[in-house]
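Taking it in order: structure first as structure tokens, then the write-up.
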């Protein structure tokens, strides 16, 4: 997407053909910083400490991590060790495991001498595939926005609520939940996006609001608990969120707080859609609440908040009493029964085993 006069991806291969650059998202929206990842340790740190985040982008970053590893040691033992090291960084996002499996399955049959070049080629293919998947998701989600817009008065916006950041910053480009929004704007459909702040890391306030501003999308930042109120008063036409893991029966694991938005949407008759590329579907899991591991992140993310101080510096301040413990589950699971549809690159599926297999018959 464009930032100022430049088109950015969130991750790209450097001219040396070996290191990769990323947008370090910890500093947004106040500072756009680019960081170079040169080692597997760099990649693991970037994923674990959320320099990059969002299930698709985590997967792409891990794929490049495997490629970097192959330049140092292309052996089977090292390939397996790197798979384990990177897989442990963020356990909930299924794209991470998918990308690592894709890399290992591609490289294992190859002679060691050719693995490094092949690894970079495959990682780049995964990155390019992500862009195409998101573009297709956008086209399919745009149909939903068009349908709502057709019922509006001329110039009246489609009001969309989104949670966390499932934008281009969570992918290589376009985003999942935001791709239909960007395409609607490009088509001239009036929209207004309500952006949940998304505590505790404020990815809505820091990232989604920044994306909307950069792209010129009308939006309003709201506190996490305001969504239900807006729905009660008829101010939301549509909810679109992303997902870090979707089960074979249509349950969705997404940023903590998504479940509450789905409950409010169901109670108020607001359509609730989830946008996802197919690598986010875990076909081995059939009960999201019971089977998906939920990442527990450090309590300091709840107790402290980062922002720009009055002197212009970026500062972290404590907002809770010293000694008060904080729990920080990073995700929750929204049952399929609360979801209107799953927007994929192949179309919109009903959130059920039958609905998903209708779009992905190879999984029957």
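The backbone N, Cα and C atoms fix where each Cβ goes, glycine too.
The structure displayed is predicted, hence computed values, not measured ones.
Quick look at what Swiss-Prot annotates:
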ACT_SITE  244  active site, proton donor
BINDING   53, 54, 55, 90, 203, 254, 255  substrate binding site
SITE      164  site 'Transition state stabilizer'
Which of these binding-site residues is closest to residue 164 (site 'Transition state stabilizer') if you go by CA atoms: 53, 54, 254, 255?
255
8 Å Cβ shell about 53, 54, 55, 90, 203, 254, 255 centroid, substrate site members excluded:
58, 93, 164, 165, 166, 170, 242, 244, 330, 331
Give me the Cα-Cα distance between residue 203 (substrate binding site) and the residue listed as 'active site, proton donor', rounded to a whole Å.
14
Show which residues of the chain containing residue 255 (substrate binding site), separated from it by at least 6 in sequence, have their CB under 8 Å from its CB.
163, 164, 198, 203, 241, 244, 330, 331, 332
Would you count the other C-beta atoms found within 10 angstroms of the C-beta of residue 164 (site 'Transition state stabilizer') for me?
29
A 10 Å Cβ contact count, applied to the binding-site residues 54, 55, 90, 203, 254: which residue has the minimum?
90
Going by a 10 angstroms cut-off between Cβ atoms, which of the recorded positions 53, 244 has the sparsest surroundings?
53
In three-state DSSP terms, residue 164 (site 'Transition state stabilizer') is classed as coil
How far apart, in angstrom, are the most distant Cα atoms among the substrate-binding residues 53, 54, 55, 90, 203, 254, 255?
17
